[in-house]
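Contents: one structure, followed by commentary.
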């Protein structure tokens, strides 16, 4: 099977280094590539290791004012634009600076209603969630974890890059015909990130198209079920919420800001006012509650079917500490975020998206599976998990930095676990 990149090469295109080399998937309108210079991503191979020598060695052996709410990351305990939740144990409500509206241009949330079962999350709770404990934590399981930690610590950077190179050589197992159909081309954020036909998420009785993929990861007979999707476009917002409703998803993990480095990564697809729902043909979406922590935003939505009045609750969790380039400097915030998302998950596949729905989304899914595996005293293999992802959505985990970050996160979790008494 051909990847979107291979299709470009067949038509005489190069590797999307410049916007002028874009393929015209939309005939009169070109889509960007997920790897263009204007999109803030690092090149696959950085400066630490010479990529050509690694490759040789491998083959010898392989539109909103968002900055008003979330300015460039500043590590300050006195930043009044973010509600610091560390003292939340002394509060019994969410912030209520202005109960009229809450959205990307406001640092606002609302008092919890008496009937609400949602409670504000404290930093203490997040710290406890990050302390992953196996079901059985005795001398035998400790020894197994120590062996696992030692094996991971022995892996050098070169070994991890070789693994990533091997993943890059995978042949796509399926076609992308639906994504290339004329009526669907405007529904893709990037021309080189399309879902496989066999794993794409169908919409409605007609199985309409959305750029989203079912991801099922199997480890020791346990299955972990996700939807990996791109950040919604203005014209696909209704499709996105329809997908959430039809798949009974109760959690959305969003791992991007709407704008990063001056580039639009995802549109604001949620209602920003507590009084004005987002109206669609068959349903509307209401914002109920809102909380801003130091590193992610919690929004509680209700999707209400107009025909029946039946309501479906969704918790929207937006991670805001991923830098414009590369990966987070510290794994701590992301570990807490992933654990809170997992704790919040109840029904349907866990829906995850970034901008393209492959890079940060892949990192999230990989480490979430590893965390669940550790809890159940099972062994795990990061490369195997990523291989399974890539068989179901093209290009999951885009860069070697993201792949290395998976290892760094798991190492930190294991070290913290073994340090416990």
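Cβ coordinates are placed from backbone N, Cα and C, and glycine is handled just like the others.
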Message = If I go by Swiss-Prot, the feature region 'Disordered' sits on one of 93-116, 117-140. Which?
response = 93-116
Query = Given the ranges 1-58, 175-232, which one is assigned the annotation region 'Disordered' in Swiss-Prot?
reply = 1-58
Task = Report which of 76, 307 appears in Swiss-Prot with the annotation phosphoserine.
result = 76
Ask   = Which one of these recorded positions has the most other Cβ atoms within 10 Å of its own Cβ: 122, 354?
value = 354
Key: Alpha-carbon distance [residue 354 (active site, phosphocysteine intermediate); residue 122 (phosphoserine)] in Å   = 25
